[in-house]
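Visitor: The structure's right below; bear with me while I get my questions together.
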């Protein structure tokens, strides 16, 4: 599927692409209109020298680091130029004729826990109790992830080897409990200095845009290592993101309220913006033997903590933001059985089988399985998909 309806003139996301033949064999900045990909350097746009130079870079980092006002001007000029069908016809490449690359040079990766429902569902699956961690209602909790293994949608994901509990013994081998996590993420544009903290009312100025994110998880490896320091090998082997970065300006028509806070929060998280979240519909599917089974529907607006909250919490202690940082939401889930954003929740920790489209029963992912996640706001604004297929583990 091309998801052309996600990419109208109302969207115009940013990505990085190259062609296998012709003038664009080197990766550079592109946008997408329906099923056409346009290299920004090919267009005659009245922009600053800094912006023009950013258009030819192999990552979006230089573009993302521009001021919010300049980025808004560039977007409006893009909309004006690409509203002319002859410009699209002249400069547009067919989607199938380009290769999409990882859109950013990832500076850092922080994975938060924003979905109250996920935390409760996962707690029930693992411990049999629907409890929240002590800090959850006070601020978005998170951990420092691994930036070096972030890959673009379509990149195969190798089943990891690691150490896990097998009954009463500890074993080393290929993970036997491979999972996905339906997540979203903010890509940081404007950086900050070490020692500074971002105020909530300024948080949007630092967000270049949003992407879909699959935080692949080896639940057995993760389960043994979680206490006391949190996940490492169970998470660090791969994280997939979608190739198109959708700007907050494109998402503004879909801004919506966030869930009411259940407990008084610190003053630095007092939200005054009426609609600080976004109505973005999410779906996840397992693909096995060419057949797809939808296993989850969710919505970004369900998250207890917003992208703005993540920016503030990340910097409250003076930690600096770098252009290209990824701030991920953690799994996005709801209450219903069809709203569980990972197999850990859906299968109750591997104890309950699910039925796939061909009638087969399954718990965790098998080699050859694919996960396809999609996100769409409607009105011609969406994210396309984030897809990855699981390959066998490296021989021991």
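Including glycine, each Cβ sits where the backbone N, Cα and C put it.
Predicted automatically and left uncurated, TrEMBL annotations should be read as such.
Sharing the feature lines straight out of TrEMBL:
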DOMAIN    10-103  domain 'Fumarylacetoacetase N-terminal'
DOMAIN    109-375  domain 'Fumarylacetoacetase-like C-terminal'
BINDING   111, 181, 183, 215  Ca(2+) binding site
BINDING   215, 235, 239  Mg(2+) binding site
BINDING   222, 331  substrate binding site
Visitor: In the domain 'Fumarylacetoacetase N-terminal' (10-103), how many residues does DSSP assign to helix, to strand and to coil?
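Guide: For that range the per-state counts are 38 helix, 23 strand, 33 coil.
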Visitor: Taking each of 215, 222, 331 in turn, which of these binding-site residues have a Cα lying within 10 angstroms of the Cα of residue 235 (Mg(2+) binding site)?
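Guide: Final answer, ordered: 215, 222.
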Visitor: To the nearest Å, how far is the Cα of residue 215 (Ca(2+) binding site) from the Cα of residue 222 (substrate binding site)?
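Guide: Answer for this pair: 12 Å between alpha carbons.
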Visitor: When you rank 222, 239, 331 by Cα distance to residue 183 (Ca(2+) binding site), which of the binding-site residues ends up on top as the closest?
Guide: 331
Visitor: Of the binding-site residues 222, 239, 331, which sits closest to residue 181 (Ca(2+) binding site) by Cα distance?
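Guide: The smallest Cα gap between residue 181 (Ca(2+) binding site) and any of the binding-site residues is with 331.
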Visitor: Can you give me the average pLDDT across the domain 'Fumarylacetoacetase N-terminal' (10-103), rounded to a whole number?
Guide: 96
Visitor: Measuring Cα to Cα, how many Å separate residue 111 (Ca(2+) binding site) from residue 331 (substrate binding site)?
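Guide: The Cα atom of residue 111 (Ca(2+) binding site) is 10 Å away from the Cα atom of residue 331 (substrate binding site).
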Visitor: What other residues of this chain sit with their CB within 8 A of the center of the CB atoms of 215, 235, 239, the recorded Mg(2+) site?
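Guide: After dropping the recorded site residues, what remains is 109, 111, 145, 146, 181, 213, 214, 216, 217, 236, 238, 328.
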Visitor: Determine the Cβ neighbour count for residue 222 (substrate binding site): the number of other Cβ atoms within 10 Å of its Cβ.
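Guide: Summing over all protein chains shown, residue 222 (substrate binding site) has 21 other Cβ atoms within 10 Å.
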Visitor: Rounded to an integer, what is the Cα-Cα distance in Å between residue 239 (Mg(2+) binding site) and residue 222 (substrate binding site)?
Guide: 15
